[in-house]
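Written out below as structure tokens is the structure these notes cover.
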Amino acid sequence: MEGLKLEQQHGKARVRVGRIWKQPAGTHHFVEWNVSISLISNCITAYTRGDNSDIVATDTMKNTVYVKAKECKEQLSVEDFAIILGKHFTSFYQQVTAAIIKIVEKPWERIYVHGQPHEHGFKLGSVRHTTEVMIKKSGEVQVISGLEGLTLLKTTKSGFEGFIRDKYTILPDTRERMLATEVTASWRYPFHALASIPAKKSYFMERYIEVKGLLMDSFFGPPKDGVYSPSVQSTLYHMANAILVRFPDIASVQLKLPNIHFLPVKLSSRDNPVVVEFEDDVFLPTDEPHGTIEATLDRISSKM
Ligand SMILES: O=c1[nH]c(=O)c2[nH]c(=O)[nH]c2[nH]1
């Protein structure tokens with residue numbers, strides 16, 4: 001090892017677990033999670049000498065997900081479950097110095113029959129709640145929440161003009177186009193210690209619902225007139241800014257807004273000069289290629 005430094009982590013990815021909580025009155029609550037665990041631990045000799053005596057087996061990590069899911073007697077958020085797992089790995093194993101837990105929740109939503117919530121019926125939605133929690137043995141913690149799969153579209157109030165024009169440019173300036181995207185968002189909480197995480201059980205769930213709502217409100221604007229978007233970049237900034245303005249307990253926001261293009265359809269031939277004239281009405285939807293617009297908005301901390 002002389003003159004060399006080894007950085008390593010090991011874990012189990014994509015551990016899938018479903019958990020039902022059955023209330024005595026008849027209502028069932030259900031979640032399905034996809035959990036990934038990564039441990040930073042003192043097991044260097046496993047790499048350098050073939051000595052596994054300090055390894056937490058990734059199979060053990062997988063089993064722990066099921067044991068902890070069983071132990072949770074009430075429904076909880078992905079963030080709270082990730083914190084439980086992270087606390088377990090960093091306190092139970094002397095070798096483990098830090099744990100990174102990522103969870104994606106499958107969006108099972110309660111079904112309504114004749115306007116009534118069904119006791120045990122669910123359908124799959126589209127927006128996935130995500131989290132990434134990092135916990136150190138010292139109790140230092142970082143909690144990131146997020147969402148993915150939030151697909152949004154508006155049929156007007158979007159344009160793109162005034163960009164660099166050169167010999168490679170053919171895109172015309174426009175103040176009238178469609179705008180569509182699939183939002184991936186993540187937001188970081190400012191807590192650095194387990195003790196400073198709010199005790200309220202529904203805290204992370206409420207934030208998730210509020211952030212999702214605010215992302216949509218700021219993308220679309222008011223129901224009647226909407227809000228004009230001069231670019232995906234500008235819309236992204238306004239969405240991220242709205243979150244930091246509304247929620248003092250969110251320290252930073254990362255947004256990924258692919259620009260999913262709807263191409264104008266114009267059909268003509270030499271014999272038939274106008275088969276379909278484009279009047280902002282008929283489009284060719286495309287998946288690829290698509291624009292990728294991504295940014296992180298942070299608060300500048302004034303620790304002076
Ligand atoms: O909102 C947009 N941002 C871009 O950077 C870009 N580039 C492009 O070709 N179309 C668009 N639209």
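Keep in mind that glycine also has a Cβ here, set from the backbone N, Cα and C atoms.
Heads up, TrEMBL stuff is auto-annotated, nobody curated it.
Worth saying up front: this structure is predicted, and the values here are computed from it rather than measured.
TrEMBL lists Lys12 (among others) with the feature active site, charge relay system. According to DSSP, Lys12 (active site, charge relay system) is assigned to a strand segment.
What TrEMBL records for Thr58 (among others) is active site, charge relay system. Secondary structure at Thr58 (active site, charge relay system), as computed by DSSP, is helix.
TrEMBL lists His261 (among others) with the feature active site, charge relay system. Following the DSSP three-state reduction, the secondary structure of His261 (active site, charge relay system) is coil. Cβ neighbours of His261 (active site, charge relay system) (same chain, under 8 Å, six or more residues apart in sequence): Ala180, Thr286, His290, Gly291.
The feature urate binding site is assigned by TrEMBL to Thr58, Asp59, Phe160, Arg177, Val232, Gln233, Asn259. Same-chain residues at least 6 positions away in sequence with a Cβ under 8 Å from that of Asn259 (urate binding site) are, in sequence order, Leu179, Ala180, Thr181, Val232, His290, Gly291, Thr292, Ile293.
Annotated 5-hydroxyisourate binding site per TrEMBL: Val232, Gln233, Asn259, in sequence order. Around the Cβ of Gln233 (urate binding site), the same chain contributes Ile293, Ala295, each under 8 angstroms and 6 or more positions distant in sequence.
TrEMBL lists Asn259 with the feature O2 binding site.
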Record-annotated urate contacts Thr58, Asp59, Phe160, Arg177, Val232, Gln233, Asn259; largest Cα to Cα distance in whole Å is 51
So which of Thr58, Asp59, His261, listed as recorded positions, have a Cβ under 6 Å from an atom of ligand 1? none
From Asp59, Phe160, Arg177: binding-site residues whose CA lies within 10 A of Lys12 (active site, charge relay system): Asp59
5-hydroxyisourate site shell beyond Val232, Gln233, Asn259, criterion: Cβ within 8 Å of Cβ centroid: Phe160, Thr181, Ser231, Ser234, Thr235, Leu236, Leu257, Gly291, Ile293
Quick check: in three-state DSSP terms, what is Gln233 (urate binding site)? helix
As a whole number of Å, the Cα atom of Thr58 (active site, charge relay system) is distant from the Cα atom of Arg177 (urate binding site) by 50
